[in-house]
Each structure stands twice: as structure tokens, then as C-alpha cells.
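Have a look at the structure below, then the notes.
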Amino acid sequence: MRLLGLDPGLQATGWGIIESDGLHLRHVANGTVRSTASLPLSARLVEIHDGLMAVVEQYRPSDAAVEETFVNKNPTSTLKLGQARGVALLVPALKGLLVAEYSPNHIKKSVVGAGHAAKEQIHAMVNVLLPGVAIHGADAADALAVAICHAHNRAGRLAQIKAVESSVAAQSHAGGKRWAGQRIGRRS
């Protein structure tokens, strides 16, 4: 499955594309969409939209994941980041992709194993998990971490679904389906 990870920002929005086959990951591409600081906000958001749309159209991911916004001390900066994040959520949704959202701490824990890992630790683990990757900047590295986090979460959810399906199949072979301890079907 091809996954798109996005690290939204008004100046630079990082993107990373990986292939996921269970827990086996392979790097496809990564980069950064930059907006022109001298332009009005609306034009900068259009630049982000157009850049991300080109990435989605070129690489055709199956799913997308976006890092959640943290609130900083400057409310104006937080609002602008939120608007860039809105574009990052919108673009894959317009293409019909499911879009997951993960907190920075969840991403760090999924990639490094610690929720308060430093950027350097995250980038080092991205290199370990995607051998031979040439990362095109810190924002792209963060986006690859988002994609890796999504791959790990998808693999965990798929394992849970398979376990439930196996349990239901075993119960139906044993005389009927049960859900939460309740027998479903005809009364005896």
C-alpha cells in the first residue's frame, strides 16, 4: 500500500511517500512544497494546494496521514499554521483518500519508541527504517515519519481485524456466532 505523510507548514510543507507491506517499508519519494513569503496568505495557500495536488497526482497514494498542529505562544502563527494544515487535509480528501491524523508525540513514539524524542532521533530512525533514503530536508524527514507512523498503525489495526475475524470464524464453526459473549442467531 502506498502511503503519503504530510508535515504541514506555511513556509514549507514536507511530504513523504512510502510503500507498506505489513511491517516492511520502502521509500518511494520525499520533498517539500514551499510557499513564497512575499505573497498574500491566500496565494501562499494556493501554492501549497497546487504543490501537494501535484504530489498526490504523480504518486497516487492509497492513504494519507497528517501531523496534528501544536499550539505555540504566537496566536497569529498558530492560525496560519492551522490554515496550511487545512490545505494539507483538504488535498488528499479531494482525491478520495482516507486521511489519518496523529499527534507529534504519537508519531515520535511510533517511530522512535519514545514520545518526547528529539528531531535528530526521529531522523536517524527514518534512515534506519527506510535504508538508503535520501531525505530532502527536515520537513520531508518529518513527513516520512508521519507516513511510517501511519504504516505502523495500519498494520496494528489490520492485525486486530484479522484476530477478530478468526475469532468470529472459530465461534461460528462451534455452533453459532457470538458477539461480546452473546449468541447471535436462533434461540434454543
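Keep in mind that glycine also has a Cβ here, set from the backbone N, Cα and C atoms.
Some features that TrEMBL has for this protein:
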type     : residues     : note
ACT_SITE : ASP7         : active site
ACT_SITE : GLU67        : active site
ACT_SITE : ASP139       : active site
BINDING  : ASP7, ASP139 : Mg(2+) 1 binding site
BINDING  : GLU67        : Mg(2+) 2 binding site
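Mapped onto this structure are the features recorded in TrEMBL.
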residue	record	DSSP class
ASP7	active site	strand
GLU67	active site	strand
ASP139	active site	helix
Whole-number Å value for how far ASP139 (active site) lies from ASP7 (active site) (Cα to Cα): 6
Between ASP139 (active site) and GLU67 (active site), the C-alpha gap once rounded to whole angstrom: 11
Surrounding CB atoms that lie within 10 Å of the CB of GLU67 (active site), all protein chains: 24
